[in-house]
Amino acid sequence: MSKTYAPPAAMAANAHVNAAKYDEMYAASLADPDAFWKEQAGRIDWIKDPTRIKDVSFDLGNVSIKWYEDGVLNVAANCIDRHLETRGDQTAIIFEPDDPNDAAQHITYRELHRNTCKMANVLKGMGVGKGDRVVIYLPMIPEAAYAMLACARIGAIHSIVFAGFSPDALGARVNGCDAKVVITADGAPRGGRVTNLKDNVNKALLHDTDDVQCLIVKRTGQQIAFRNGLDFWYEEEAAKVADDCPPEPVNAEDPLFILYTSGSTGQPKGVVHTTGGYLVYAAMTHQITFDYHEGDVYWCTADVGWVTGHSYIVYGPLANGATTLMFEGVPTFPDASRFWQVCEKHKVNQFYTAPTAIRALMGQGDDFVTKCDLSSLKLLGTVGEPINPEAWDWYYNVVGGGKCPIVDTWWQTETGGHLMTPLPGAHATKPGAAQKPFFGVMPVVLDPTSGEEIEGDGVEGVLCMKDSWPGQMRTVWGDHERFEKTYFSDYKGYYFTGDGCRRDEDGDYWITGRVDDVINVSGHRMGTAEVESALVAHEKVAEAAVVGYPHNIKGQGIYCYVTLMTGQEPTDELRLELRNWVRQEIGPIASPDLIQWSPGLPKTRSGKIMRRILRKIAENDYGSLGDTSTLADPSVVDELIDNRMNR
Ligand code: 6R9
């Protein structure tokens, strides 16, 4: 039995959802989804109220997901305009820059309105209209939020590319969605170092024949190469346009954004989220999971380049009229106290981060935390990967002073918002468990071989969802077939998450990690296939297989087995060259941790690489290699074990 931590009495007493209410609402959400979600739609403002609530089919060949399909609304109006009367002067966004010596900014809802309208008018002037795609490649600055909301305001679809991605990765995403405009900055300061964002954009668009325009925010003031006629400084354009822009009426099922994410095969796919259901779900989960109350200061440390930044820095909090903090920097710059100093400085009430950051900071010792006044904290959250018990304990006791519930939120780019998490005023938390389904969410544990539902408690299998929720992705951009194949073909009639899971004796859920070829490095999701294709694109590499292995800080590290072209020397210099190559092809987050030279890879007779075996070798777990008799050449395995990378 794991130890549990009951909700603090004061929180349970005032929470949006306490234990009794959770049970009652959860039962209602399953008993009559239409009635339940019709009521929840009232969280946001509609130009035309939806009358058709849910229309969903998970049947392969016919997958279709629609929520609120006859509703009309505007997301930016919901996140900004409807708050102006009551909280125009309240801070919407606190911006904390990379350098602690630079002043923080407090942007009110009124200022947010003005800035978003300006950006919207600039985009319109560049020819962007409803349904057009805009790529956002920005640092964590307020303009990133203005850009998102400006797109939403005019009905354009944004696709944010994390500023740490390489020119190649950026170029693929610009082309993938046929973007009209890229919004970027001259440079991005992070941890005291500057990434030359505009340079990257120029490289990404070098071979572009569509003349993609670029809107550039001045962040660092550095020199940039300007493409005349195609590039525009945001500040100059903003000065020329009006500071009001009427919100465009948008259908609930029109796309709000595309966000590329990694899967087990092929290149990243463009996850499509639509407007009405997504916003209802983001707003509801933000309010209830974090127990957000009027006047609270809320901080999610993610980057807007990831889904967490979309739902829980921008859309959820702003739809709720919250004060949301945007942090440009990193947890360890200038030193490991930075997070906690920011919490103290802005009196943060809810703090939401990733286990990898917690582990890294835990390793620096308690002093960095205890020297700060963290008395404002009421709640802590984690997301992105399973949290190990040591990190949970440290977070709970040292950061939270033993008084803040931890919500371990399990969800995905595909899910739009939290699907499983304890609720802070309702559930006694268990370190490491994602615990309870959110309202309307129907998790099932399936037997991976038979695909049958495993009933009862104390069971383990793969995690699927039996029915839809409003925040679910609707399709893969430009490839609905891939959407169906990826999520609905392995287990017929269910949404397959790609995660394994255990339901314990109490009926609580624990995520056991990915069951596919996706690895989770520092909370960043990566397809091993992507790293492999980057490696084999190098002229000296004949073949490569990539797996994850346990890593103390990152959760998983990237272990690469590389077969060189005949005649190539396996040297340390080449190792370094390959590492830099992958960084260039994808970005620093994809840097191989270990590269093992492998004259041969274990393959079946039909030529499939047996990753299961490579994973075991990388994990140092030879006892359970399983059946190797189906290999074309079983001796390859001994050779790989003998030459395993030491660490
Ligand atoms: C939001 C986000 C999704 C994958 C997911 C799972 C892992 C996320 C987790 C977690 C255990 C948690 N994951 N939250 N595993 N406990 N609380 O991270 O989206 O980048 O798409 O990653 O991350 O494996 O399938 P995304």
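Positions of Cβ are set from backbone N, Cα and C atoms, glycine also.
All TrEMBL annotations are machine predictions without curation.
Note that the coordinates shown come from a computational prediction; the quantities given were computed from them, not determined experimentally.
Under the heading CoA binding site, TrEMBL lists ARG190, GLY191, GLY192, ARG193, THR308, SER522, ARG583. Every protein chain considered, the tally of other Cβ atoms within 10 Å of the Cβ of SER522 (CoA binding site) stands at 20.
Mapped onto three states, the DSSP output places PRO386 (ATP binding site) in coil. Counting every protein chain shown, the number of other Cβ atoms lying within 10 Å of the Cβ of PRO386 (ATP binding site) is 20. Among the features that TrEMBL reports, ATP binding site is placed at GLY384, GLU385, PRO386, ASP408, THR409, TRP410, TRP411, GLN412, THR413, ASP499, ARG514, ARG525.
A simple way to gauge crowding: the CB of VAL541 (Mg(2+) binding site) has 20 other CB atoms within 10 angstroms, across all the protein chains here. TrEMBL lists VAL536, HIS538, VAL541 with the feature Mg(2+) binding site.
According to TrEMBL, the domain 'Acetyl-coenzyme A synthetase N-terminal' annotation covers 22-79.
Sequence annotations record features per position, and here TrEMBL assigns domain 'AMP-dependent synthetase/ligase' to 81-468.
Look at TrEMBL and you will find 530-608 tagged as domain 'AMP-binding enzyme C-terminal'.
Annotation comment: TrEMBL describes LYS608 as N6-acetyllysine. Contacts of LYS608 (N6-acetyllysine) defined by a Cβ separation under 8 A and a same-chain sequence distance of 6+ are given as none.
Rounded to a whole number, the C-alpha distance linking THR409 (ATP binding site) with VAL536 (Mg(2+) binding site) is 36 angstrom.
VAL536 (Mg(2+) binding site) carries a helical DSSP state (H, G or I). In three-state terms derived from DSSP, ARG514 (ATP binding site) belongs to an extended strand segment. THR308 (CoA binding site) sits 8 Å from THR413 (ATP binding site), taking the C-alpha atoms as the reference points. Within 10 Å of the C-beta of ARG583 (CoA binding site) we count 16 further C-beta atoms, all protein chains included. Taken together, the residues in the domain 'Acetyl-coenzyme A synthetase N-terminal' (22-79) have a mean pLDDT of 98 on the 0 to 100 scale. Fewest other C-beta atoms within 10 Å: among the binding-site residues ARG190, ARG193, ARG514, HIS538, that description fits ARG193.
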